[in-house]
Amino acid sequence: MSQSVSERTRIKSDRYESGVIPYAKMGYWDAAYTVKDTDVLALFRITPQPGVDPVEAAAAVAGESSTATWTVVWTDLLTACERYRAKAYRVDPVPSATDQYFAFIAYECDLFEEASLSNLTASIIGNVFGFKAISALRLEDMRIPHSYLKTFQGPATGIVVERERLNKYGTPLLGATVKPKLGLSGKNYGRVVYEGLKGGLDFLKDDENINSQPFMRWRERFLNCLEGINRASAATGEVKGSYLNITAATMEEVYKRAEYAKMIGSVIVMIDLVMGYTAIQSIAYWARENDMLLHLHRAGNSTYARQKNHGINFRVICKWMRMSGVDHIHAGTVVGKLEGDPLMIKGFYDILRLTELEVNLPFGIFFEMDWASLRRCMPVASGGIHCGQMHQLIHYLGDDVVLQFGGGTIGHPDGIQAGATANRVALEAMVLARNEGLDYFNQQVGPQILRDAAKTCGPLQTALDLWKDISFNYTSTDTADFAETATANR
């Protein structure tokens, strides 16, 4: 007697039985799995719902971020399902947390389209964050294999070429954000750019939300900025620039503004993270083809990066943006007004600047990773910093960084040019002291170096007097799980 259709399609297998079975039994958990060099690895912080086994929660994340759905489907048998299933292979309790677990998951590289951050993220963070079996989920780190990294462009210009273009070595770069960020006319905006560059800064920049508003259209801003840049460059003999924000409603408009910036002589353009991954990669390709630096403002990142138990750790965003092709990205200051644990910030900077990563748990780096010759990305420190913190900034952040003093330049009592000069003199004094072997980070030595430099620089003395008591000494909400490192200005 012939079998019925349902009988013929019911496969007797541990991993295939019609209906709903646990993810761990479907093949999404494999404690004996051997990680391959070509695997994409992801580390998730999982908070299971009460009563949900952590291993099953990890398997559910692996399944829902790769091939699974809520029930077994017979079409799995038409694929290489054993290969394409993501494998949760390790679950560890999070230190000092009673209900959180680190879940390590491996993905076959063929699950992702080459050179497509949008496709990668559609799987890794696309649907699984709303899964009912978990009450919170955070993507903490990823390892992108060499073979997959090679399909990405990486930074359009990179640190080495940027320094060659600026002819500036062995010191951080100096910048400032034009303030107020909204409301200035084009003429006054250009004046701020000129004064800051003339006073000693390398860059001025637009802020994240200045695009093309009724009080100042983008062409007006671009033209006045370039006039200020050219005048300051002629006066100082240095290569100068201003980050022109080309973020817009459509990619057609983004390209139009980028082409115009190039035509009038700009060396750098700027975009916002809120543009989206496809837009960021698209303009990064344009920047590489047109020999333009590309600055990224991380606008919007704290909506998903700041909370410790849910969202995406910023270190992952750093990896994605380096892959996408930006040259600059805001990555924290340690001592400024924005969130920033010292060790976590150092981890972000290492991800952007090193060619190879080693496991460093206090820095929050969970995977070894070779960057496959992708160029290095310049971190930007911005938000509530001033020249009185120069010894701390150099100690924590090193040389390959843009130090952006917005209020710390434009808020100077003697004017914008004086504020820029104060920052330039403070930086050069501290770099010289460091190069001479002085213990500049010492709380007595560092401030004294600045006071000595201020004896021959009135603007620096004024700045030190004005901001000497200003600090943002708060405990970070996001700290490393393997070290106690509350943010402190010391």
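Including glycine, each Cβ sits where the backbone N, Cα and C put it.
Taken from Swiss-Prot, the feature substrate binding site applies to ASN127, THR177, LYS181, ARG298, HIS330, SER382. The Cβ of HIS330 (substrate binding site) has LEU296, HIS297, ARG298, PRO379, VAL380, ALA381, SER382, GLY383 as same-chain neighbours under 8 Å, each 6 or more residues away in sequence.
Taken from Swiss-Prot, the feature active site, proton acceptor covers LYS179 (among others), and the record attributes it to sequence analysis. Long-range Cβ proximity for LYS179 (active site, proton acceptor), meaning a same-chain Cβ under 8 A and a gap of 6 or more residues, is found for VAL192, ASP207, GLY406, GLY407, ILE410, GLY411.
In the three-state DSSP classification, GLU208 (Mg(2+) binding site) falls within coil. According to Swiss-Prot, the Mg(2+) binding site annotation covers LYS205, ASP207, GLU208.
If you take the C-beta of LYS205 (Mg(2+) binding site) and look for same-chain residues 6 or more apart in sequence within under 8 angstroms, you find GLY175, ALA176, THR177, VAL178, SER242, TYR243, ASN245, MET270, HIS295, GLN404. According to Swiss-Prot, the feature N6-carboxylysine maps to LYS205, an assignment based on sequence analysis.
Summarising the annotation, Swiss-Prot assigns active site, proton acceptor to HIS297 (among others).
Taken from Swiss-Prot, the feature site 'Transition state stabilizer' applies to LYS337.
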Taking the Cβ of ASN127 (substrate binding site) as the reference point, list residues of the same chain whose Cβ is under 8 angstroms away and which are at least six residues distant in sequence.
GLU64, SER65
On a count of neighbouring CB atoms within 10 A, which of the recorded positions LYS181, HIS297, ARG298 is highest?
HIS297
Cβ within 8 Å of the Mg(2+) site centroid (LYS205, ASP207, GLU208 excluded): which residues?
THR177, VAL178, LYS181, ASP206, ASN209, ILE210, TYR243, ASN245, MET270, HIS297
Take the C-alpha atoms of GLU208 (Mg(2+) binding site) and LYS181 (substrate binding site) and report the distance between them in angstrom, rounded.
8
Within 10 Å of the Cβ of ASP207 (Mg(2+) binding site), how many other Cβ atoms can be counted across all chains shown?
19
Give the three-state DSSP assignment (helix, strand or coil) for LYS179 (active site, proton acceptor).
coil
According to DSSP, which kind of secondary structure is ARG298 (substrate binding site) found in, if we only use helix, strand and coil?
coil
Hey, what's the widest CA-to-CA gap across ASN127, THR177, LYS181, ARG298, HIS330, SER382, the substrate contacts in the record, in Å?
37
